[in-house]
């Protein structure tokens, strides 16, 4: 079966056509990085306006690349939450219009579920059950995945998301947007042991995260020592990044050990970070039998192919959305 999916939850306008929930026939993304760079972050109004301009062109491009017309589609899936309400509305309205015009079933998809199942687009897909760590600009959450549509939240950030900590930290250091990419690049030239930052974790046995204190520690460091340049800036980036990565890895493997999971799926935009990917792989080697699934960086950032995977299985479960489908910016998985 073939699903057309539309994703507009934040600042990427995306459309994809996926066959049988495993093979992407087309995966088109129109990025807004250049639009938001001058502001140092995503401006919701600008994001929504650009989605209006780009949503139908990316759908047309996906159909063209896949060599598929409306008659070759079984259903349409769309991200209806969580995310920016104006951005979500553009995708939802486009999907409803196409479903009506083409007389196709419509399925709503939770954006976080899309990230959790993105690994099924890789050559080697995980088997259930597995732990899913979703790390992005708006979310840092740890889930137990028991099957498609069957997830249990184990822990989440109590304040800033990891991606937000990267972006705000980069802005504080005068680095360009997107900040996580800039920090990752500079950190490769730095010493992660140069500066000691506090652990960005919640004390105790729970699996929640907290990054606001780490961000404050970076601010105090810059106020005290000034903004470094050259090797000093690289060391600061590497040390700050290491503190974020250490918290993510520690909590994920604490959950694996406690709940006796031997599969971990890493997803979300921050999962494209080279140090995080390396640290997860390194820690996994310490656990006999532990399998780690790291989707390609393109599948970690927002895309519609992952929405199509989740949409395929929602469709097979008999889920359908009606003409009253609306954006749900706070939709919890």
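A Cβ is built for glycine as well, from the same backbone N, Cα and C atoms used for every other residue.
As written in Swiss-Prot, here are the features:
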{"type": "BINDING", "residues": "111, 115, 302", "note": "Fe cation binding site"}
{"type": "BINDING", "residues": "134, 135, 136, 137, 138, 167, 180, 184, 273", "note": "substrate binding site"}
> Can you count the other CB atoms that lie within 10 A of the CB of residue 302 (Fe cation binding site)?
Replying inline: 25
>> Among residues 134, 135, 136, 137, 138, 167, 180, 184, 273 annotated as binding substrate, what is the maximum Cα-Cα distance? Answer in Å.
In response: 18
> Can you tell me how far the Cα of residue 115 (Fe cation binding site) sits from the Cα of residue 134 (substrate binding site), in Å?
Replying inline: 7
>> With every protein chain in view, what's the tally of Cβ atoms within 10 Å of the Cβ of residue 180 (substrate binding site), excluding that atom itself?
In response: 27
> Taking the centroid of the Cβ atoms of 111, 115, 302 as the Fe cation site, which other residues of that chain lie with their Cβ within 8 Å of it, listed in sequence order?
Replying inline: 7, 9, 79, 112, 114, 134, 136, 268, 303, 306, 307
>> Through the lens of DSSP with three states only, how would you label residue 134 (substrate binding site)?
In response: strand
> 115, 134, 136: which of these binding-site residues has the sparsest Cβ neighbourhood within 10 Å?
Replying inline: 136
